[in-house]
Amino acid sequence: MLKKSFVAIPILVIAFLALFFHLDIHIIDALSLKGVPEYDIHIPILRIIFEPILGLLLYLNRAIYPLQELPITLLWILVFYICLSLIKIFKVAAAPNRRQTALRFLGNLPLLIGICFSVFIVILFIRLPNNTIVNNTSDEILVTSHAHTEFSHDGLISQEKMWAWHKRNGFDAFFITDHANHKKTLDFSTQQRNNQFPIDPLIMVGQEHSGSNHMSLLGLNGAFETKDKPDSLIVNLVHKHGGAVIINHWFDGKGNDMEFYKDLGADGFEIENVGKELYYDRTIFNDLKRFCEDNKLLMIGGLDFHGYGRACGIWNAFQIPNWHQMDPDKKEKSILEIIRSRNQNRVKVLMYQDRPFYSGQNLLFQPFVTLVNYFRTLNFWQILSWAIWLVLFQLLWNYRRENFIPMHKRMALVGMLSSLFLIVLGLYYMVRGNAVKGYSKVFAEYSSLLLTIGSIFMVYSLVTIYFRFFKKMKKIN
C-alpha cells in the first residue's frame, strides 16, 4: 500500500517550486531578449486536464536541444528502472523466485526501450495541444515566412492541415515555402482567394531555393522557374515580379559569407530558426545582427515548420494598421512592401520562452533541471491537475490493486499498444507518401523505419504476452 506521504510530498514539492520559484512563460523580442507585454500565452483546457502527461511531453518537445536531450531523458528512465529492478531482485530471498524476478526484469527491458521509443515519436511527430500566443495589439499581425507541406521533399503535413495549424497558433498570414516547387501552393492559395475556405489566415506563395544557401523566395506568382538558375538571376527575377528574398538559417555555416548575400540583393536574414537550431552561438548571432543593422537588412524569425518537431515558438509581428479591412491582395502586398523596404521598425521577431538558456556542451543531467523548470512554470490550475491525478493514482493503487493486472503483464500490454501505434503511424505515412509520390521523400523514410521497428516490437510484445498470460494457464490445465 502506498503511504499518503508518497503523494503528499510530490504535491508539496510541485507547489513549492511553482509558487516560490515561479518561472513565467512569456513572449520575448528575439533581437533584444526583452519581454513583449502586448502578447500573452493561452494554455488549452485539454492540456490542463491532462497536465501530468501532456504538460511534460510538451515541455520536453520545446527543449533547446531536443534530439540530444530526449534520448538522454529516456536513458535515465532506463537507468532508474534497472536500479530499482536490481534492488527488487536482491531483496527476494528464495533462489527460484529470484530467478523468476530476474527473468521478468530482462523481459521488461526490451519492452521499456520500445515504449520509450514510442514516447519519443509522440513528442516529435504528434501535434499535441501546445500553448499558443495571444495578440493584444491593435495594429500588428503575425506572419511566418518559412513552412513546408507534403509537397516539399521534407514535409509531413498536408496543405489543409498546415493552414489549420497556423490558424490555431495565432497567425494572420503565412508563406508556404516548399522546396523546388510553388505551383501546388499557388493552386491552394487560389482556392482560398476564390472563397473555397476561410481567408484567415492568409496563404501566400513562396519557395525555398537550395542554392549556395537555402533562401525563401516570397511572393511568387508562377511567372518563372528556379531550376538550374544561379542565385543572382533568381534574386533578380523574384524582385522583378514584386517578391522578396530571405536567407534562411545562414548561421549553420553551410553558405557563403554575409557580404555575398548582401551583394546578391537579398532583403534580409533569418536571425533565429525553430526547425534548425534555436539559441545558436551568440557570437555568430551578434555578428549577424550587427551586419544586418549596418547594412539595413531585415531580420526575420524562421518557423521552418515541416509538420513535425518543436511546437510553434516563433512569430514575426508586422505593423500593418487596418489589416482586417484590406482585401487579400492588398494584405500580401503590404507584407512584401515591409520586407522589401527592410524596415525593422515595423517587424518584431517574437519568441516563446519557458526556460533559462543553457549550452549544449554537457547535457547529461539536463533532464533533472528540465523537470524542475517545468514545475516552476505551472500555474494554479496546472498544480491542481497534478494534485488530482496523484491522489487518483494513490486511490487506485491502494483500494483497487487486487483487481489490477500485475505489473509485468501490464508492461507487455503497453508494449503491444506502443508497437501498434508505431505500425499505424507507419501505415499512415505510407498511404500519404503514395498520395504525394514524387514530392515528399520523408514519408517513405519514416514509414519504413516505423513499420520495421513497430513490427519487431509487436512480435516481441505478443510473445511476451503469450508467456505471461497463457503459458501458466496452459500448465494448470
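Heads up, the Cβ atoms here are built off N, Cα and C, so glycines get one too.
Feature annotations, reproduced from TrEMBL:
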DOMAIN    146-203  domain 'PHP'
TRANSMEM  6-25  transmembrane segment
TRANSMEM  70-90  transmembrane segment
TRANSMEM  102-126  transmembrane segment
TRANSMEM  380-399  transmembrane segment
TRANSMEM  411-431  transmembrane segment
TRANSMEM  443-467  transmembrane segment
Criterion met for the transmembrane segment (380-399) and the transmembrane segment (70-90) (at least three Cβ pairs under 8 Å): no
The transmembrane segment (102-126) and the transmembrane segment (6-25) contact flag, 3+ Cβ pairs under 8 angstroms: no
Per-state residue totals over the domain 'PHP' (146-203) - DSSP helix, strand, coil: 21 helix, 8 strand, 29 coil
Reported mean pLDDT - the domain 'PHP' (146-203): 97
